[in-house]
């Protein structure tokens, strides 16, 4: 049996596409409204909160969820764990969508979006800006991911010569793909260092924020591979390739990274004499313990062999790790930020609908492309299974 990726086939306009389609339309209409009538027409952003849910969720959390391709690139190509190679293309596709939509969120969040091209014009570079590094590095990485994913398109179109030429330089492209997120994911942690005391002490750490951001990127990257793979398997009604053994192996890496993060998190609080704030009994201490417990759950569960080999517990553990890291990113960038001056922020329903629409776009585009392009490993060779999968 061939292990080469194959198009899933089946109907393009499936039930999930029909369900999420209206959300995409609403999202697009609201984006047009924002671009034409300004930020105030759809958002609650103000002078104290220059960025909100579009940055905290769509960018910081969204690109964290999109780190699956990057995390697997390190596992497969840097640490030579070739057994994970079947997981690379699905993860890379999700990463490409996640980062692209994260870039779009920046575009709609910036007040004078027509000035964005100045980021890339020599003479206008602000090389001391973390925002500059993040924006330019992300843009380059999106292009790198497009090149990494191009072989799937070339194979589908039968462009053998182009595929051969691309494969000759793929080693360099992969090296860039492994390097670039290491830079901008750590920089995303540096974004709030300049906010100083305006970020609650439980999350403000001038030395550790970049490292915490990088660690959560790796944790989210490996966890999303298990999460998305489990959903695909459920969507194919159990007829997809059996990748559970690979997921179980990934849990070892996730457990180590979670342990490192938690130890460093508490170590920093103890060293800076801030641990008492975690027991203050206020809103921020509750958010802190929610974050910690969400990360402790998979750390405990994944240490028990029986639970680790259970598909449902694998899924729940990956989901818990994702939510824990997402909570940390949301809190340090938005919830724990207090600019003073009486400023307050809460996302409007239009802001939330745009963010929900981004998720809907990614889901629908992912479903469409796995049906058209060789992304997933072959299904189990059974006519009934193929029929069931095509209806998914």
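Cβ coordinates are placed from backbone N, Cα and C, and glycine is handled just like the others.
Straight from Swiss-Prot, the features:
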type	residues	note
TOPO_DOM	1-11	topological domain 'Periplasmic'
TOPO_DOM	80-90	topological domain 'Cytoplasmic'
TOPO_DOM	112-133	topological domain 'Periplasmic'
TOPO_DOM	155-168	topological domain 'Cytoplasmic'
TOPO_DOM	190-207	topological domain 'Periplasmic'
TOPO_DOM	229-249	topological domain 'Cytoplasmic'
TOPO_DOM	271-281	topological domain 'Periplasmic'
TOPO_DOM	303-333	topological domain 'Cytoplasmic'
TOPO_DOM	377-392	topological domain 'Cytoplasmic'
TRANSMEM	12-32	transmembrane segment
TRANSMEM	35-55	transmembrane segment
TRANSMEM	59-79	transmembrane segment
TRANSMEM	91-111	transmembrane segment
TRANSMEM	134-154	transmembrane segment
TRANSMEM	169-189	transmembrane segment
TRANSMEM	208-228	transmembrane segment
TRANSMEM	250-270	transmembrane segment
TRANSMEM	282-302	transmembrane segment
TRANSMEM	334-354	transmembrane segment
TRANSMEM	356-376	transmembrane segment
For the topological domain 'Cytoplasmic' (80-90), what are the DSSP-based totals of helix, strand and coil residues?
9 helix, 0 strand, 2 coil
Dominant neighbour of the transmembrane segment (91-111) in 35-55, 134-154, 169-189, 356-376, by Cβ pairs under 8 Å
134-154
Annotated stretches the transmembrane segment (169-189) and the transmembrane segment (59-79) touching (3 or more Cβ pairs under 8 Å):
yes
Please average pLDDT over the topological domain 'Cytoplasmic' (229-249) for the predicted structure.
82
Among 59-79, 134-154, 250-270, 334-354, stretch most in contact with the transmembrane segment (12-32) (C-beta, under 8 angstroms):
334-354
Are the transmembrane segment (35-55) and the transmembrane segment (334-354) close, by which I mean at least 3 Cβ pairs under 8 Å that are 6+ residues apart in sequence?
yes
Cβ pairs under 8 Å with the transmembrane segment (134-154): which stretch of 208-228, 250-270, 282-302, 356-376 has the most?
356-376
Need a quick answer: max count of Cβ pairs under 8 Å to the transmembrane segment (250-270), which of 59-79, 208-228, 282-302, 356-376 is it?
208-228
By Cβ distance under 8 Å, which residues at least 6 away from the ends of the transmembrane segment (208-228) in the same chain are close to it?
63-72, 74-75, 87, 90-91, 94, 181-182, 185-190, 192-193, 247, 250-251, 253-254, 257-258, 260-261, 264-265, 268, 298, 314-315, 317-319, 321-322, 325-326, 328-329, 332
